[in-house]
Structure formats: structure tokens, C-alpha cells
Amino acid sequence: MLPRGSIRTNLLLGLPALLLAAAIVAVAASWSGDFFAAGNLGNLVNRVLPLSLAALGQAFVLFAGRIDLSVGSVISLSTAILATTSTSLGWAAVPLVLVAGLACGALNAAGVIYLRINPLIMTLASSAIVKGAALILMPTPGGEVDYTFYDAFYGQDLLVGWPLAVILLAFLGAFLLFGFTRFGRRIYALGSDDRAAYANGVDVRRVEWSVFLASGFFAAAAGVAVGIKILSGDPLIGDSFTLDAIAAAVLGGVALQGGRGAVPGVLAGSIALVLIANAFNLLELDPNLQQIAKGLIFVVALMLFMRGGVRRTA
Amino acid sequence: MSTSAYLVRMRPAAASLRAVALLVLLLVAFFVSAGLFSPLLLLDNVRQAAPLGVVVLGQAIVLMMGRLDLSVGATASMANIVLCAVFAGDMANTGPAVALTLGAGALVGLANGLMTTKLRIPSFLATLATSMIVAGLVVFFTGGSPRGAVPAGFRVVTEAWLFGFVPYSALIWLALLVLLMLLVHFTMLGRKMILSGANLVAARHSGIPSDGLIVLAFVLSSLLAATGGILVSAITGMASIGVGNGFTLDSIAAAVIGGALFSGGVFLPLGAMAGALILFVVQSLLYLLALPPAAKFIVQGLIIMLALALASFRKEKSS
């Protein structure tokens, strides 16, 4: 097994995604002169923000060898909450959304830990519950997110601004957590081998609680970013994020069987995915092809990274 | 084999019986709150639940293999689009329309099966990816506005009743159920399938070609999903994008209510049937209670959670 925490190993895992991103940049820039326009770069950062946050939350769970399929629904619910409360509560709506995200994470954790339901199915069930809640709160897309939110957060769609700062802060924090703290090691340990981790004194329940809470929290944060961007709520907008977040993590070298992966890789994977979508727009390809292409890329990524590393299940 | 041994095999499992009991309970609640009892209303519910019921059978087969198929919804939606497009409202196209729809469904299943066996991608991700690709292809080829319609002659399949008493769709559902039960419990192929679902390693060591059987299970599941899509099309009579999307979660919930286990090795067709009917009656109840339609999702999620929590609780007690 590779040593954890060393920066070299961490960066190497994200290398394929980084190369893919660079290749897409090269192709997109040579075919379309608009790629390096300041507006497009700022737009790219704004698009990377929600996906990378959702993928980071997903990575917490994946590192621990679990999975969270409720990310998309949590994002939808977050936009719905934001759009119904932002005009009356102002900025206090944001912590409210984050608390709601934590609650969703707590639901997942409770089901997995106390009811002993397989995480895959538990989060699938909770995604239905959360989606139902979002649809009851807001049956059709609508509502309003205060424009001052957009102004203050996204501003002029510049390359350097709040969105970039949030991405860097979140990923730097997670990088330090996973690379240099006991807690991060415990998450990897749980993902590598539940029993061995338990035998070595890892508090399995506590780690499970924290990874699901982290996933819910980051999904809600991603939902805030989406809600401010579209200036309204949409009870179904998050659906595509579930698969995208997993795809971004897998592209970034995270192993679905747990215990392997790195935070910089997740960021690289998110950037690569966003660039693919951006290239489709710049090259003026049929947007409906985008979904097909994303699905195929996901399959290829899984194919490349799943090979060889299949973990024996007890 | 003696007759009694066959009869023992036919005996429904306890989990199936529990699901049936729950169904009866719900039906009583339904008829009490509706304030009247009519067998015709009951059979009409069966008629409308048939598409889901057929899809659940496929999901149950995949669950039996210890896998999960998250593409049944997209496949059923695709079936609706393909069927309507080929039919173009003309009864003369019945043969090609049904054949092409089932063929397209089988292709989806083949892709799912090959991805999970040959490429070793976890089944829920492989099927999630195919569902995305299939949905994308539907939007791409129709440009967002699907054409065609199901001719009135074909809609007999779900709208007409045999002797004015038994809906045809219920008969189709029952026939498929019996066929699958015979396949799984009374043929060598089916026994091999259930063994590789229960213990893949043991099955491989016994020389059972598990990979091929898993592919077969996915093809069957997609074929049944496409059949479910055909039945839905017969009910609605028109092409609309995403008409079967709800089947993915519905089918998992129904199968789980019927006693299916995610660890595989269990095939309970009677339970699956009861599960589908339970979901349908719950929906009707929600409607009667004037709850918002979105409450359906919450109830679904809670049902899946409850069913699995009960299953794991029981396993713990017995071990």
C-alpha cells in the first residue's frame, strides 16, 4: 500500500485528470479563440465551484469506502430553501441551508449506522425523501434569490474572486485534513479495511458519522452556489450532480472500493468534467450530446481505474 | 423429482407472505377510507399497476444476482419513445414496433451486463451511466419533441378486459411472473443463476459460467423494463419523454418490500408482485388523503428504509 500524506503520491493520483484537463484546454483553445477570454475563465471557475464542492463531499464518503447517492437531492433542496427564505432572512438563509444539508447527512448516517442499511441503498432512499421534501417546498422551479447575493458572491464573473477563494479554501483544508491529521488517516483506514480499522481502535461509528455529515454539508454548500447562480430554486436541478460528483472523484483517481484517492485529484477531476462541458459549448456541439458524452467518459474512467484494484469483500 | 418436492418449492417464502399480508391491510385501509368496496375498482388498480409490476420482476432478477439495475426507468422511457415512433399510430406496424422496442431494451441490458462483468464496473454505476446515455440518446434523436402515437387497436392491451372481468395487462403480468418463476425454480439455468447470485465464488468453483448468467439477468431486466414501457404507452397512448423514469426507484422499493435482498440469492416473484401493488395502493391512498404528489417520494424512501431495517434486524436476531 502506498504511504498516505506524502504530497507526491497525492499529486500523482490526480495526474491523469490534470492531463485530460490540459488536453481539453489545448483542443478547445486551438478550435475556439474565446477560450482564454476573461469572461470564459471566470465562468469556468463559477461552474467548477458547485461540482467541486459536491465532489469533495462525495470524496469524504468514498475515501471511507461508502457512497452517497443523495448529493443531487440535497443540492435541489438547498436551492429550494434558499429561494424561499433568502428575501426574508437575507444572508441568514445560507447557514439555514447548511444546517439542512447536515440534517440530510445525519439521516444517511443514522440509517447506515443504526438501521444497518447498506450505504448505497440508504442514500438512494434518503435521496427520494429529500427530493420529496424539496418538491413539497417548491413544486415547480421558481422563488427568488436576492440579486445582492449574486452581486456580492459572483460579482463580475472574474477569474479571481469569492468562488475561487471558496474552492481553494475548501480543498486546502481538506488536503491538510487528509494528508496530515489522524482523523484523515482514520477515514482512509476505514476505507481500506473496516475490520482492520476497528481492530486498531478506529471509532468506526464516529468516522461514519463525520463522513456523511461532511457530504451533506458540502452538498448543501454546492446547492447555495447553484441557487445564487440561477437566482431561483429548482427542485430537480441537482439530479445530475449525483453522478457528476462521483464521476469527478473517479476521474481524479478516487477508488470506489475505498481507501485510495486524494483531494487534489478530486479538484482536477471536477475541472476536467467542467472543461468537457465548456468545450461542448464553445465548439457549438449539440448540448444533448453532452449528456451522452459524459456518460461515456464516466464509463471509460471507471473502466480504467477499477481494473486491478477490486477489493475482496469479506 | 416427486410431486411433493415440487410443491415444497412452490411454497411462497415467509417474506412474500408478509408482503401479501401488508397488501391486504392496505387494501382494507384503502376501501375503508374510500367508503366503498368494489372488486372492479380493485382489478382496475391491478391493471394500472401492471407496468410497474412487470418492471419489478426484472429488477428482482437482477437483485437475485446480487446486482442493482438503476437503468430500468430510462429503458422504459426509451421504450415508450421507440414504440410510438415506429407505430406512428398505425396498427399495421405492430410487429416491427414491439420487436424494435424489445430489441432496443435488450441492447441496453447487454451493455449493462457487459460493463459489470467484463469491465468490472459496479453495477449501480454502470447502470446509472447507461441510464444517462439512454436518456441523452432519446433527447438527441427526438430533439425534445417525440413523435408518433400508439394506435387505438393496440391500447386494448391495457384498456380492455377479458370477459369484461380480467384486465389483459394483469394477465400479461401474471404470465410473465409464472414464466420467470418456472425459469428460476424449475430449470437448470435458473438454479445456476440463483446459485451465482447467492455465492459467486462457490458458483465459479462449481464451473458455473456466472458472468454469462449475470449478463442474461441484465438483458432480462431490460427486456422486462421495455415491456413495462410498452404497457405504459398502451395506457397513455402517446410519446412523452421520461414517462417511465419513476420506475427505477419504484421497482427497487417494490422488490425490497417483497423481501428481495441486496446481497442476492433470493427470488420472490409473489413478494415482488405484492410489493408493486403495495406501492400503487399507497399512491392511491396518498391521493385520497389529498397529500401533495411529492409526498410519494418521501413515502417511497421511508418504505425502502423500513423494509431494509426490518430485514437487517431480523438477520441480527437469528444469527
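Any Cβ shown, glycine's included, is placed from N, Cα and C.
Look at TrEMBL and you will find B:20-42 (among others) tagged as transmembrane segment.
The list of residues near the transmembrane segment (B:48-65) in space but at least 6 beyond its ends in sequence, with Cβ under 8 angstroms from a Cβ of it, reads 72, 76, 123, 158, 167, 169-170, 172-173, 176-177, 180, 184, 193-194, 196-197, 213-214, 217-218, 220-225, 227-229, 231-232, 235, 244, 247, 250-252, 254-255, 258, 260-262, 264-269, 272-273, 275-277, 279-280. As annotated by TrEMBL, transmembrane segment applies to B:48-65 (among others).
The feature transmembrane segment is assigned by TrEMBL to B:72-89 (among others).
Within the chain, the transmembrane segment (B:95-114) has long-range Cβ neighbours (under 8 A, six or more residues past its boundaries) at 69, 71, 74-75, 78-79, 82-83, 86-87, 123, 126-127, 130, 134, 214-223, 225-227, 229-230. Residues or ranges marked as transmembrane segment in TrEMBL: B:95-114 (among others).
Sequence-distant neighbours of the transmembrane segment (B:121-141) (same chain, 6+ residues past either end, Cβ-Cβ under 8 Å): 62, 67-71, 73-75, 77-78, 81, 108, 111-112, 115, 218, 241-242, 248. The transmembrane segment annotation in TrEMBL covers B:121-141 (among others).
Annotation comment: TrEMBL describes B:161-184 (among others) as transmembrane segment.
Long-range contacts of the transmembrane segment (B:213-235) within its own chain (CB-CB distance under 8 A, at least 6 residues past either end) are made by residues 48, 50-52, 54-55, 57-59, 61-62, 64-65, 67, 69, 71-73, 75-80, 83-84, 98, 101-102, 104-110, 112-114, 116-117, 123, 150, 154-159, 169, 172, 176, 180, 189, 192-193, 196, 243-244, 247. As annotated by TrEMBL, transmembrane segment applies to B:213-235 (among others).
Among the features that TrEMBL reports, transmembrane segment is placed at B:241-263 (among others). Beyond the ends of the transmembrane segment (B:241-263), by six or more residues, the same chain brings 13-16, 18-19, 22, 51-53, 55-56, 58-60, 63-64, 66, 68-77, 79-81, 131, 135, 138-139, 142, 144, 146, 225, 228-229, 232-233, 270-276, 278-279, 297, 300, 303-304, 307-308, 311 to within a C-beta distance below 8 angstroms of the stretch.
Only residues 6 or more beyond the boundaries of the transmembrane segment (B:297-313), in the same chain, are considered here, and those with a CB under 8 A from a CB of the stretch are 249-250, 252-253, 256-257, 259, 261-262, 279, 282, 286. Taken from TrEMBL, the feature transmembrane segment covers B:297-313 (among others).
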